[in-house]
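A.B. asks: Reproduced below are the annotations present in TrEMBL:
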- 1-227: region 'Disordered' (REGION)
- 86-147: compositional bias 'Basic and acidic residues' (COMPBIAS)
- 174-200: compositional bias 'Basic and acidic residues' (COMPBIAS)
- 328-498: domain 'Tr-type G' (DOMAIN)
- 337-344, 384-388, 438-441: GTP binding site (BINDING)
Amino acid sequence: MSDNDGKKTLGVRGGGSRPGNVKQSFSHGRTKNVVVETKRKRVVVPKSGAGKSGGGAGSVGDPSKRPAGITDAEMDRRLKAVQAAKAREAEEAAQREAEEKAREEERQRRREEAEAKEREEREREAALKAKQEEEERAKRDAEEAAKRAAAAAAQPAPPEDGAPARKTAPANRGAERPARANDREDRGGRGKGDKSDGRRSGKLTLNQALSGGEGGRQKSMAAMKRKQERARQKAMGQNTVREKVVRDVQVPEAIMVGELANRMAERVADVVKALMQNGMMVTQNQTIDADTAELIIEEFGHNIVRVSDADVEDVIKEIEDKEEDLKPRAPVITIMGHVDHGKTSLLDAIRDAKVVAGEAGGITQHIGAYQVTTDGGQVLTFLDTPGHAAFTSMRARGAQVTDIVVLVVAADDAVMPQTIEAINHAKAAEVPMIVAINKCDKPEANPTKVRTDLLQHEVIVEEMSGEVQDVEVSAHTGQGLDELLEAIALQAELLELKANPDRAAQGAVIEAQLDVGRGPVATVLVQSGTLRQGDVFVVGEQWGKVRALVNDRGERVKEAGPSVPVEVLGLNGTPEAGDVLNVTSTEAQAREIAEYRENAAKEKRAAAGAATTLEQLMQKAKEDENVTEMPILVKADVQGSAEAIVQAMEKIGNDEVRVRVLHAGVGAITESDVGLAEASGAPVFGFNVRANAPARNAANQKGVEIRYYSVIYDLVDDVKAAASGLLSAEIREKFIGYAQIKEVFKVTGVGRVAGCLVTEGVARRSAGVRLLRDDVVIHEGTLKTLKRFKDEVSEVISGQECGMAFENYEDIRPDDVIEIFEREEIERTL
Ligand code: GDP
Ligand code: MG
């Protein structure tokens, strides 16, 4: 029993002195982690003395869970770890508490401030009255006062003379507020006959005023009185008509009910009630729109101030740095290239050569980026996340972090599809490139071939008297590494990279993950300003406060300046790679921006599907005079059609707009294509090819338009029409279903019949069909037959099996996909 749960045993082993500690800490994920590690160590170094662990470990079981061989030293370590974790936890809790308290106080203060003025006036009045009457009644009530004081001890009474009255006023607010100025006068007039219910009303009466300022004891009674008063009001459910403080209530496009109440300083329950009376059944956590909020705000007698949601972002708007504030910064380098051409090896080789040497312990922690210093003294920052997807997705999220791309091409291979992709990505991002011709140690290496290959893709290296630096390297032998670093340093110098270190930090997330022990952790590349411990920030849809910074050597640092990669701890959620981090001056700002973004993202996802349509693109082009280029991506079934399309595209265009093919390739539309399209706001054109499933999902999510064509003229016509802003009513295809071919039969009289499973949508007898093999269209036509079991049917829905045969086409194979489509006319929406 005990061995399915190391807690107990550990508690026993802990000497009984603080089993509580142990247990409690265990309930926390962090601590648990520490112990698991320790256990593993123990297994490696087993010791006698298992008997000691007694009953707790008595049961045999998974040895890794049995604490039998724990040495005292081990135990000590564990306890220490447990205690350390606990202390940290307590510290954090205290910090959180303090923060929460500070926030609460701030809210309270603001609320009170607004009321303070009014209250003061009333109090002055009250004090005056009290004074006048005091003189008159002082003698008469002297005796009674003494009596009352005694009575008050049993039945708490409010305080007395001017000064304490003022102090308690806010607490008595509830009771006092309903009284309007003239009410008070009435009461003042009634004052004399009022003695007996002065206690009940909780208002300042003469008797109370007279009962003398005796200090502490009286005060605490006042507190009790206040409490009683509150309880009474609550019990009566009496919602006193409070004297209104008219507020200007800021309302964004949508606001949570609770937050609205907060901003009006009204009770949530009242607001919910008001909403119900207006026919809206909502809870405090639901969001209402600004119009509804306006109704409610008016009902409560406040003024609405509408703010655009996006305004919350204004506080982090890019500040223009003055030229004199800019200091040189290290370049940021991304390594790209075809798979297996040696990106990872090269990154490792550079790090091994430049970082590990001279490092204490020689342990480098992987944080997604690292810095090296060249022999010439230049510091270079390498992003340790090779791959185009990372590069482009970061760009799509607004983080252009890379200053220089190192394009790796293996000398024993050639320019490959992903090499071309990398070139296009770099070009689209307008980032300079350096070519590293890798694997030059290999006997079959042919660097010259690589250079000539690159020519075809408009990359003219220096050896070919071009501008692009090229270096022959070997990740294995280390050959050319220094030259490569020098080439990078040279390129960096040309770029004159600068940033202002003395401002609120801004950076980009390179990597982020949820760490079991440390919570959400993000590797951030600081781009400008200096990020410091304790800074409050917003990052994407998350926010946080820097609890700790860890550099690429795994050391804790207090701050990180421009081009420095650091791990940031203290996030309240996990951001995504490419998210931008901005330091804000207050936590409220950070939180507000994060919330706004979260909502905006939700809306965007909801509205996705039509974000990057040709029409919108053109609309944008018209609005923005600078946009004269219409970027597109083209994927085709064969090289020939891709080239033909690119050529046709280049001819399109006039003085105002030009079509720019960002990337043209062969094969299915991939996620990477969609990423590039999103980053550049381009649609993707598939010519006789389809998007694979991940790409389709990505496109749906990101709102990237994918258009499919099977006739080049159609494609060209559409782009032409879009370019001239004359997109006419068009016939558009709609995919209504997909079916997967499981088997192929020969049926006499019919020919070859495909046994299919409809995987998506419906298969319809009357619809058009295409045969896809590896996402490439190999046939388009109509169905000769659609059968469910033995019967000819007009429709088969998703999840069902059916038999299909094509009209005049026989080359069908298992694993082919049948696409079922219909054509419909779409009105132009411009
Ligand atoms: P990546 O996919 O681009 O990250 O490529 P890797 O770094 O994983 O390398 C792919 C393969 O090429 C591995 O087997 C490496 O050992 C090998 N490789 C990488 N660089 C060199 C090199 O300079 N010389 C030789 N001979 N092999 C290399
Ligand atoms: Mg790799």
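Quick reminder: no glycine exception, Cβ is built from N, Cα and C everywhere.
Bear in mind that TrEMBL entries carry predicted annotations, made automatically and left uncurated.
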A.B. asks: Which binding-site residues from the list Gly337, Asp340, Cys440 come close to ligand 2, meaning a Cβ under 6 Å from one of its atoms?
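C.D. replies: Going through Gly337, Asp340, Cys440 in sequence order, none turns out to be close to ligand 2.
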A.B. asks: Does DSSP put Gly337 (GTP binding site) in a helix, in a strand, or in coil?
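C.D. replies: SS state of Gly337 (GTP binding site) = strand.
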A.B. asks: Neighbour count, 10 Å Cβ-Cβ cut-off, for Asp340 (GTP binding site): what number do you get?
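C.D. replies: Neighbour count, Cβ to Cβ under the 10 Å cut-off: 13.
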A.B. asks: Under 6 Å from ligand 1 by Cβ, which binding-site residues from Asp340, Lys343, Cys440?
C.D. replies: Asp340, Lys343
A.B. asks: In sequence order, what residues of the same chain, 6+ apart, have a Cβ less than 8 Å from the Cβ of Cys440 (GTP binding site)?
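C.D. replies: Listed in sequence order, they are Ala411, Pro447, Glu472, Val473, Ser474, Gln479, Gly480.
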A.B. asks: Please work out which residue of Gly337, Lys343 has the most C-beta neighbours within 10 angstroms of its C-beta, and give that one of the binding-site residues.
C.D. replies: Gly337
